Amino acid sequence: TIDLLSPQDRAAGIRPHGNGSRPGYSKIEICCSGWTRKSKSRLECEPTCNNCKNGKCTAPNVCTCKSGYIKDNNRNCVPTCPIGCLNGLCTSKGVCSCYAGYQLSPNRKFCVPSCTGGCGVGGDCVGPQACNCKPG
């Protein structure tokens, strides 16, 4: 809140005009730089942030990510997967989407190589469509 009148003017009964407030008011509520009025209360100010998706604006241009999200190199809140998402992308909170040639593991927590038709007895799928046979 800023006071538009000096103590002498206020004592003399001078009031600001043309500000949209009631004549008895000698103060106008404004928000400081980096803050805007809350849309619901209009009596409080809240910080403003550019692009604070998946987070909460906690101070002017300071975005704090929600649980399950972390900041990337561009300072955006992006989803995170608890054990990472090797060979894929974490596309939403805790959900891994695999790159081409990979599929979700049986526990659905990470991406493993996919070999169409399998690798036979004793073989391991070591890369997309790449089998490795055990010695013997």
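A Cβ is built for glycine as well, from the same backbone N, Cα and C atoms used for every other residue.
Taken straight from TrEMBL:
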type	residues	note
REGION	1-22	region 'Disordered'
DOMAIN	44-78	domain 'EGF-like'
DOMAIN	80-112	domain 'EGF-like'
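When pLDDT is averaged over the domain 'EGF-like' (44-78), the result is 91.
In the domain 'EGF-like' (80-112), helix, strand and coil residues by DSSP number 0 helix, 14 strand, 19 coil.
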